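J.: Sending over a structure as structure tokens; questions will come in a sec.
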Amino acid sequence: MPMTMSQAFIGNFLGNSPKWYKIAILSFLIINPILFFYVSPFVAGWVLVLEFIFTLAMALKCYPLQPGGLLAIEAVAIGMTSASQVLHEIEANLEVLLLLVFMVAGIYFMKQLLLFVFTKMITKVRSKILVSLLFCLASAFLSAFLDALTVIAVIITVAVGFYSIYHKVASGKDFSADHDHTSEGKNDDGENQLNEDELESFRGFLRNLLMHAGVGTALGGVCTMVGEPQNLIIAAQANWQFGEFAIRMSPVTVPVLFAGILTCFIVEKFRWFGYGAQLPDAVHKILCDYAAYEDARRTNKDKMKLVIQAFVGVWLIAGLALHLASVGLIGLSVIILTTAFNGITDEHALGKAFEEALPFTALLAVFFAVVAVIIDQQLFGPVIQWALNHEGNTQLVIFYIANGLLSMVSDNVFVGTVYINEVKAALINGQITRDQFDLLAVAINTGTNLPSVATPNGQAAFLFLLTSALAPLIRLSYGRMVWMALPYTIVLSIVGVMAIQSGFLEQMTQYFYDSHAILHHSVKEALAPAAAH
């Protein structure tokens, strides 16, 4: 029976998403104007925010750009906000968009160096606990200066490479042969060529390393203003530079970093939560043989490329630390330097670098449309007012927990943007002092970054890992990710709360003021970024 036009419409709408999801989005689009015009703009605004959070939470059913974008377009069309307000939000956060476009693409051209480093870690270090700590620390360090998505992308590339090499050799082929590593490894007679126990141990080993690395990106990403996109938004609103941001965050981020490393050690040592899987000796030998094979094939031209990438890496860290240019422009310089000196001049080769970041950049622009609705309809006014009625450290803890809970189910860039905008409005209205605003900015930043490791919804790097081609190969499901992240979620969240509740954050911030490591800011300075647009 031929498909009717209505069936064709539903079939095309949002592609391969489940039918119930398509109906839900269409229902949202019908309900929102009715609520806005006939019930209350405030209620309609909150419903829109919840619908948008729903699209983020269901990211595995459908990438949020399309459903979230439809909701945002309708919101502008019916008057919940204006196109000019959306543009204003995008203008105010232009640096974040440049970070995503240029920095992620720039690091793409440094992948060879990062692959080289992580490969050496696995092949040269035999202790599972030590290699886990190295992966966690290396990811944390890299994520403090690079985009977490890129760091995870590199580690995924390493893991896929190792998995395919093992699969190839275990299937009776040599390193240079073509092979489908996604196959079940059976021969022509249907017999299994692969040792099942060996393969399962190897999968477990890769799962462990990827989860440690994923949490490492959160541990490092929270420390600096370029570690995560929302950090840059918060830094811009507070008018902080790279060094000041790191210093202000340190009373929370340094204890959390040590707690995270200790957690990594403990779960590996006692083999809790699915950790402690060992790399079988036979697999280790295959990987070492392959690394030696690759080293022998590496020409002077290849070695020179690694040297260039290392020099560009030094420039990247120095440029960010000394704030020699805006983050996006430093990213652009990384693209130019690596491609120019490594001979990548083909337009198509350049284009591949931008594929990873642009969908998320477009999604971020949709975030800002929803933020514009929140501002115009004053949705968070009552919530913020309630939180601001509390005093001192309790107020900071409320903001930390509120950000943390929302970041577990929604994207932390969205959550961080909403809260810092609301707190800044409270500062401009004279409800809080500038020093309290700075402390709240720390609570918001750490709140969005740390508890969000709980689920793949909160951390873009985790979602990227879950939706990668590697996840099914190593049997990494949504539920398994949540379970393996649980010890980190509990420890990082509690240590973060304790650092704030105990007064340690406030005391250390005062110490930094007294020692002139940081200076007091004025309300006027906070207005500067907004006034510039």
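A Cβ is built for glycine as well, from the same backbone N, Cα and C atoms used for every other residue.
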J.: Between the candidate ranges 286-306, 454-474, where does Swiss-Prot place the transmembrane segment annotation?
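T.: Among 286-306, 454-474, the range Swiss-Prot annotates as transmembrane segment is 454-474.
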J.: For which of the residue intervals 209-229, 503-523 does Swiss-Prot record transmembrane segment?
T.: 209-229
J.: In the same chain, who gets a Cβ under 8 Å from the transmembrane segment (396-416) while lying at least 6 residues past its ends?
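T.: Residues 52-53, 56-57, 64, 96, 228-231, 233-234, 364, 367, 370-371, 383, 387, 390, 423, 439-440, 442-452, 454-455, 457-460, 493, 496-497, 500-501, 505-506 contact the transmembrane segment (396-416) from elsewhere in the chain.
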J.: Report, as numbers and ranges, every residue of the chain located at least six residues beyond the transmembrane segment (355-375) whose Cβ falls under 8 Å of a Cβ in that stretch; write 'none' if there are none.
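T.: Residues 45, 48-49, 52, 63-65, 68-69, 71-72, 75-76, 80-82, 85-86, 88-90, 93, 96-97, 100-101, 104-105, 108, 147, 149-150, 153, 229, 411, 413-414, 417-418, 421, 460.
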J.: When you check the transmembrane segment (131-165) against the transmembrane segment (10-30), do you get at least 3 Cβ pairs under 8 Å, counting only pairs 6 or more apart in sequence?
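T.: No, the stretches stay apart by this measure.
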J.: Take the transmembrane segment (209-229) and find every residue of the same chain, 6 or more past its ends, with a Cβ under 8 Å from one of its Cβ atoms.
T.: 96, 99-100, 103, 122, 131-133, 135-148, 151-152, 155-156, 159, 235, 240-242, 245-246, 249-250, 252-253, 256-257, 260, 264, 275, 320, 327, 364, 412-413, 445-446, 448-450, 452-453, 459, 461-462, 465, 470, 474, 476, 481, 484-485, 488, 492
J.: Any contact between the transmembrane segment (481-501) and the transmembrane segment (10-30)? By contact I mean 3+ C-beta pairs closer than 8 Å, pairs at least 6 apart along the chain.
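T.: Touching, no - the transmembrane segment (481-501) and the transmembrane segment (10-30) miss the threshold of 3 or more Cβ pairs under 8 Å.
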J.: Other than its close neighbours in sequence, what residues sit by the transmembrane segment (98-118), given a CB gap under 8 Å and a spacing of at least six beyond its ends?
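T.: For the transmembrane segment (98-118), the nonlocal Cβ contacts are 135, 138, 142, 146-147, 149-151, 153-155, 157-158, 161, 226, 229, 232, 302, 305-306, 309-310, 312-313, 316, 326-335, 338-339, 342, 344, 352-354, 356-358, 360-361, 364.
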